[in-house]
Amino acid sequence: MGYLFTSESVSEGHPDKVADQISDAVLDKLLAFDPSSKVACETLVTTGQVVLAGEVKTKAYVDLQRIAREVINRIGYTKSEYMFEGNSCGVFSAIHEQSADINRGVEREDPMNQGAGDQGMMFGYATNETENYMPLSLDLAHKLLMVLAEIRREGKVMTYLRPDAKSQVTIEYDDNGKPVRIDTIVVSTQHDEFVTPADSSKEAQLKADEEMLAKIRQDVIEILMPRVIAGIHNEEVLALFNDRIVYHVNPTGKFVIGGPHGDTGLTGRKIIVDTYGGKGAHGGGAFSGKDPSKVDRSAAYAARHIAKNMVAAGVADEMLVQVSYAIGVARPINIYVNTYGRSNVKLSDGEIAKKIDELFDLRPKAIEERLKLRNPIYEETASYGHMGREPKVVTKTYESMYHEAKTLEVELFTWEKLDYVDKIKEAFGL
């Protein structure tokens with residue numbers, strides 16, 4: 001019997017994602033001026049306020065207020081009626097120095113033997129049901145909101161859009177785990193109050209709300225969806241769109257109050273959106289605001305890199321990779337593989353795990369170097385998912401009143417590169 005599977009995404013203007021982006025913007029600026037920075041930056045955003053807290057060890061000085069305001073303005077919180085606006089919100093910092101005990105436990109004379117920054121288990125997942133080796137439900141949920149943000153920034157249609165939004169996509173699968181069709185799409189988007197009631201009566205207000213909701217629903221189906229579909233070039237995925245899709249658009253009705261004014265946002269509260277949308281597994285550690293000595297982040301990226309390259313090489317159609325660490329110890333405690341019975345090689349999952357251990361150095365410093373993680377590459381990861389993104393080289397310029405400006409060429413989403421496929425094929429005789 002087939003089944004339904006659902007994943008959700010949230011926009012860059014969702015309060016938790018605002019917090020993630022501020023935390024990663026702080027991390028990026030510190031890494032730009034001091035690549036050896038140790039950073040754990042947490043952010044809280046609420047009505048008219050930003051609170052930064054955490055632990056940092058660095059030689060760099062950065063303007064935290066300016067960083068936070070630039071991120072908020074870039075996202076689109078630029079109007080006072082949002083009750084959270086980049087130029088006027090308060091920014092409070094309680095960031096202090098990293099624990100000397102943790103630092104002693106992690107650093108080593110030989111950098112390659114640098115210990116893990118904490119204990120824990122991290123997971124990487126990949127499936128061949130999409131071209132970027134991501135679960136289809138999450139991939140589509142991200143695409144919906146990325147296109148919605150493009151429409152908002154263009155300002156030509158759907159001009160009532162505000163930054164906060166969520167999406168959810170449900171896919172029907174057959175008995176063999178293959179996508180059959182898209183079952184349900186949910187889009188909730190914050191908006192201006194763009195229909196004025198005829199008078200102050202409750203009935204007039206209700207009628208105005210119904211007009212707004214009808215317009216938003218129409219625009220999602222007639223403007224947003226065609227643009228999303230036009231950006232999909234995989235014929236198998238395009239065939240899943242059908243006239244039976246159930247659309248829920250702003251199902252609670254009016255959504256004017258939103259963003260950090262509607263809900264307080266915190267760093268690290270969207271870890272399933274950040275990863276695989278509920279497929280695979282998650283070790284529980286968030287990513288944003290953490291430098292790569294924190295294996296919560298770096299080892300999760302490494303595990304994704306492994307899983308994606310293994311699936312792309314044809315070892316399996318689907319793969320989950322787990323690694324775990326003890327704080328202060330460089331080598332992982334274990335490597336675990338689950339191919340869900342979809343392996344294409346005559347090896348057990350345990351034997352596949354042993355080959356992974358031979359192919360990939362999973363010491364934290366080796367991961368940092370292989371994936372070029374000591375660079376300011378993180379703000380881009382903090383919205384629309386850390387996984388399944390397109391690797392690319394960009395040039396960034398960082399200015400500071402405390403340091404000379406720095407222009408750096410950096411590579412984004414290195415863990416998404418298919419640079420180990422040939423080595424894996426050779427190792428597995430494929």
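Placement of Cβ uses the backbone N, Cα and C atoms for every residue, glycine included.
Listed in Swiss-Prot:
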type	residues	note
BINDING	HIS14, ASP164, ALA165, LYS166, LYS254, PHE255, ASP263, ARG269, LYS270, ALA286, LYS290	ATP binding site
BINDING	ASP16	Mg(2+) binding site
BINDING	GLU42	K(+) binding site
BINDING	GLU55, GLN98, ASP263, LYS294	L-methionine binding site
REGION	98-108	region 'Flexible loop'
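Largest CA to CA distance in the ATP binding set (HIS14, ASP164, ALA165, LYS166, LYS254, PHE255, ASP263, ARG269, LYS270, ALA286, LYS290): 36 Å, whole number. On the backbone, the CA of LYS290 (ATP binding site) and the CA of GLU55 (L-methionine binding site) stand 10 Å apart. Across the region 'Flexible loop' (98-108), the model assigns an average pLDDT of 62. The Cβ of LYS270 (ATP binding site) has VAL10, HIS14, ASP16, LYS17, ASP20 as same-chain neighbours under 8 Å, each 6 or more residues away in sequence. The distance from the Cα of LYS294 (L-methionine binding site) to the Cα of ALA165 (ATP binding site) comes to 30 Å. Rounded to the nearest whole angstrom, the C-alpha distance between LYS254 (ATP binding site) and the residue listed as 'K(+) binding site' is 31. In the three-state DSSP assignment, the secondary structure recorded for GLN98 (L-methionine binding site) is coil. Put simply, of the binding-site residues GLU42, GLU55, GLN98, the one whose Cα is nearest the Cα of ASP263 (ATP binding site) is GLU42. Spatial neighbours are here defined as Cα atoms within 10 angstroms of one another, and by that definition the neighbours of the residue listed as 'K(+) binding site' among the binding-site residues GLU55, GLN98, ALA165 are GLU55. Its own atom aside, the Cβ of GLN98 (L-methionine binding site) has 20 Cβ atoms within 10 angstroms in the protein chains shown. Rounded to the nearest whole angstrom, the C-alpha distance between ALA165 (ATP binding site) and GLN98 (L-methionine binding site) is 35.
Neighbour counts of Cβ atoms within 10 Å were taken for the binding-site residues HIS14, LYS254, LYS294; the minimum is at LYS254. In this view, LYS290 (ATP binding site) is surrounded by 27 other Cβ atoms within 10 Å of its Cβ, with every protein chain counted.
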